[in-house]
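Undergrad: What follows is a structure written as structure tokens; I'll ask about it next.
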Amino acid sequence: MLKAVLIDDEEIALDVLEIVLQEVGGVSVEGKFLHVDDAMAYLSESKVDLVFLDIEMPGMNGLTVAERLSLRWPHMQIIFVTAYQEYALEAFEVNAFGYLLKPVSKERLAKTLERFRRRTEGKSEPSTAVASGETASLEQTPVPDEIHFRLNLLGSMELYDSGNNLVTWRTKKAKEMFAYLWHHDGTPVQRHRILDDLWPELTFDRSQALFHTTLYHLRNTLKQVGYPHMVMYGDERYWLRTEQTVSDVNRLFTLMNEPGEDRDAVAELTAIYRGDYLEADDYAWAVPRRAELRTAYLRTLEQLQQRLGRTEREAVLRKMIQIEPYAETYYRLLLRDLKEAGDNVAVQAVTELMKRRFQSELGIDMAFE
């Protein structure tokens with residue numbers, strides 16, 4: 001006999017579902033709850049196989065409840081019972097076992113229960129709470145030992161798996177959500193803040209629906225490349241596990257902290273900055289970080305070029321001009337070095353470039369020696 005708990009904000013809905021379960025048979029209804037907190041308290045002390053859960057409830061969306069349940073009791077199965085068909089995709093994003101539309105038919109319910117029995121044959125007894133806190137699943141999640149991903153964020157975002165294959169995204173928003181969670185560097189982010197940053201123009205209900213759909217696509221993509229536990233959830237917050245990923249931004253910070261002065265070190269420092277932080281993707285929430293990183297990088301190059309020999313300094317100055325094409329000082333420094341080296345061809349090329357940018361594009365007259 002399967003043990004089940006029913007959660008719905010309408011008492012008549014609870015009673016009707018219990019009657020249908022009795023008619024189908026094989027399920028003992030251990031508790032019926034109008035309030036989620038009461039159900040959570042009961043489940044902390046009792047063993048059940050299934051939770052039948054409504055989605056549209058005042059005060060807390062059933063999808064959010066499902067996330068809390070799955071976090072504390074990872075092996076307990078959830079079957080959504082709702083009048084709203086449009087939630088089906090979001091329901092399976094939170095790993096729901098089944099999805100039943102009201103009014104629940106005996107035939108559909110019987111098929112769902114039979115499928116559940118087939119899946120659980122030979123498995124252990126029903127689950128109880130794995131821990132008293134809501135971080136238990138994080139502690140129990142297996143973590144691969146090797147580096148799994150390589151992530152580029154300078155210029156445009158590119159994610160490569162352990163086989164050096166470029167990860168493709170189901171939707172642009174799934175890609176943005178990955179970048180957004182990475183942007184917070186493993187720090188849990190509240191759901192309402194994610195909604196505000198990724199869907200600022202939409203209503204709460206619409207953005208929440210899109211959030212669950214996007215999260216489903218993101219998790220599914222990561223699962224397909226062998227990392228199903230990268231996006232974590234707890235206490236109404238989401239975060240990304242970053243320990244198995246190397247990124248060009250982290251490498252850049254390492255290089256800027258202790259910039260080398262030899263040819264190879266300078267070559268790496270100038271080559272790694274392919275563009276501004278998430279420049280091609282143009283996410284509004286990334287703008288402050290983009291400006292900070294650009295400023296820090298230019299400051300590093302400005303200080304470094306003063307200590308370098310002519311060849312390495314020229315490479316650094318050209319990189320500075322590439323990043324900040326309207327900074328007159330950078331051109332003057334480069335022209336000084338080229339003139340001292342007697343490289344008249346390069347002097348002429350840089351002078352023409354300077355004229356085109358300042359006089360033709362900006363209308364600013366420049367004085368040349």
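Glycine is no exception: its Cβ is also placed from the backbone N, Cα and C atoms.
Not my notes, these are from TrEMBL:
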type	residues	note
DOMAIN	3-117	domain 'Response regulatory'
MOD_RES	ASP54	4-aspartylphosphate
REGION	118-137	region 'Disordered'
COMPBIAS	125-137	compositional bias 'Polar residues'
Undergrad: For the domain 'Response regulatory' (3-117), would you mind checking the mean pLDDT of the predicted model?
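TA: A mean pLDDT of 86 is what the predicted model shows over the domain 'Response regulatory' (3-117).
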Undergrad: Measure the Cβ-based neighbour count of the residue listed as '4-aspartylphosphate', defined as the other Cβ atoms within 10 Å of its Cβ.
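TA: Other Cβ atoms found within 10 Å: 22.
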Undergrad: Do you know the DSSP helix, strand and coil residue counts for the domain 'Response regulatory' (3-117)?
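TA: Summed by class, the stretch gives 56 helix, 27 strand, 32 coil.
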